[in-house]
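Visitor: Take this structure, written in structure tokens, and hold onto it; I'll ask about it next.
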Amino acid sequence: MATILIHPDTQSAIRATAERLLQAVQGDHDAVLGLATGGTMEPVYHQLVRRADEARLSFAGVTTFNLDEYVGLAADHPQSYRSTMNRLLFDHVDIPRNQTYLPRGDAQDPSAEAIAYEAAIEAAGGIDLQLLGIGRNGHLGFNEPSSSLASRTRIKKLARSTLEANARFFGAGERMPTHAITMGIGTIMKARKLLMLAMGASKADAVAAALEGPVTAACPASILQFHPDVTVVLDQEAASCLKLRDFYEDIHPGGQEVYFAGNS
Ligand code: PGA
């Protein structure tokens, strides 16, 4: 079963997520991290940068692979996920830029770019810890409902609900891309550990479907039920539709990880 940590408030969920990323680097200075973008992750990176600075933690040996990038946006476009990651994280830690990977949204041949991206993940030895958000429609990365649960990095058309949710990041009159290069669900499932963060009432239905519903391509995040090492960090609102919420809170009161101590 997934480790489901329901935090008393949003700040605590953010801190716990950032702390796990920090610990992954502290535990392995050459860690390969899978990263995510989206509104959920912005405060996580703020917190991570702050904590890394306090701990004087070096990212010099770390390699990162982001989940996805918009097709058609050059790296220097302000709304590209490359720009976003530079602004939120890479500009603030000592990670060499050539160890930070995102698919190139303006690649001449986006399909070839997707295949090369998958190969680059393999060549780096695979992802140790993959950070994930969840879409209101249950998407993972840009794997929209109906995505193959075995899919690898490829081009996907964005669902209407995703376009609507992400339109806020684009200025009036600015054309939002309609396609993305995204790691596949099979790619994500190969990561050794998964760490999902969801916050707010708008995610409650998707979280419940993912954790307690059937495993189905109609809710791509439901595939997490098949991963052997997944932690889901939630705030109160995101947890509000979980049927077994009491049980999860009994196991991890206040969202704290409690280990079974055999003789206590
Ligand atoms: P959000 O996106 O953090 O902006 O809600 C998450 C996602 O769509 O995976």
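Here the Cβ of each residue, glycine as well, is placed from N, Cα and C on the backbone.
Caution: TrEMBL annotation is automatic and unverified by curators.
Annotations for this protein, taken from TrEMBL, read as follows:
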{"type": "DOMAIN", "residues": "11-225", "note": "domain 'Glucosamine/galactosamine-6-phosphate isomerase'"}
{"type": "ACT_SITE", "residues": "D68", "note": "active site, proton acceptor"}
{"type": "ACT_SITE", "residues": "N137", "note": "active site, for ring-opening step"}
{"type": "ACT_SITE", "residues": "H139", "note": "active site, proton acceptor"}
{"type": "ACT_SITE", "residues": "E144", "note": "active site, for ring-opening step"}
Visitor: Give the number of CB atoms, excluding that of N137 (active site, for ring-opening step) itself, located within 10 Å of its CB.
Guide: 19
Visitor: Helix, strand or coil at H139 (active site, proton acceptor), per DSSP?
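Guide: The three-state answer is coil.
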Visitor: Determine, to the nearest whole angstrom, how far the Cα atom of H139 (active site, proton acceptor) is from the Cα atom of D68 (active site, proton acceptor).
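Guide: A Cα-Cα distance of 12 Å.
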Visitor: What does the structure give for the C-alpha distance between D68 (active site, proton acceptor) and N137 (active site, for ring-opening step)? Integer Å is fine.
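Guide: Cα-Cα distance, D68 (active site, proton acceptor) to N137 (active site, for ring-opening step): 17 Å.
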Visitor: What Cα-Cα separation, expressed in whole Å, is found between N137 (active site, for ring-opening step) and E144 (active site, for ring-opening step)?
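Guide: About 8 Å separate the Cα atoms of these two residues.
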